[in-house]
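If you look up Swiss-Prot, you'll see Cys90, His93, Cys163 marked as Zn(2+) binding site.
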Amino acid sequence: MTDPVTLDGQGSIGAFDEKRAEAAVRELLIAVGEDPDREGLRETPGRVARAYKEIFAGLYQEPEDVLTTTFDLGHDEMVLVKDIEVFSTCEHHLVPFRGVAHVGYIPATTGKITGLSKLARLVDVYARRPQVQERLTTQIAESLMSILEPRGVIVVVECEHMCMSMRGIRKPGAKTLTSAVRGQLRDPATRAEAMSLIMAR
């Protein structure tokens, strides 16, 4: 069983309850007027429950789980990983939003850095939860600041939200950009350098 985690200090949640999720999906199918016992839907509740277990796996991880490996290389210039794929779920409508994240930091004066893949894994920890893009962006930045203790952090997330594309206002292709900037990267010149690297194609 996965240990419970605490989200934003608002209490803990336990391990994923696959049977309960399966029963809930079955009830949802009935609620929308479908027959969950017909051939095409008979296995759907189980499939959806297993999919949700994967999609929301970040609920049962902490950033410390992925930022475990650090190196003291004496590198004191910016480290930036661009175009990290983001797949997340809007907590308001439980439909996907997807796009890319750009994550950069200026290492501490000790030169402590983490593996590049760890930055992508950190994005996944927070993306694989019911989310809003603004909080996702902030959580990534705050985790890097608290765990790596760098001199500065910048996180830019650019996503298309299916809740805007397939329902409501129905504007497919519209993208939302959010950013979180901490420490020395708030200096206008340093921030401009980071943004020029992020926006370069």
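Cβ coordinates are placed from backbone N, Cα and C, and glycine is handled just like the others.
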What other residues of the same chain, not counting Cys90, His93, Cys163, have a CB atom within 8 A of the CB centroid of the Zn(2+) site? Thr89, Glu91, His92, Leu94, Val95, Phe97, His161, Met162, Met164, Arg167
By a simple count, how many Cβ atoms lie within 10 Å of the Cβ of Cys90 (Zn(2+) binding site), its own Cβ left out? 18
Only counting partners 6 or more residues apart, tell me which same-chain residues put their Cβ under 8 Å from the Cβ of His93 (Zn(2+) binding site). Cys163, Arg167
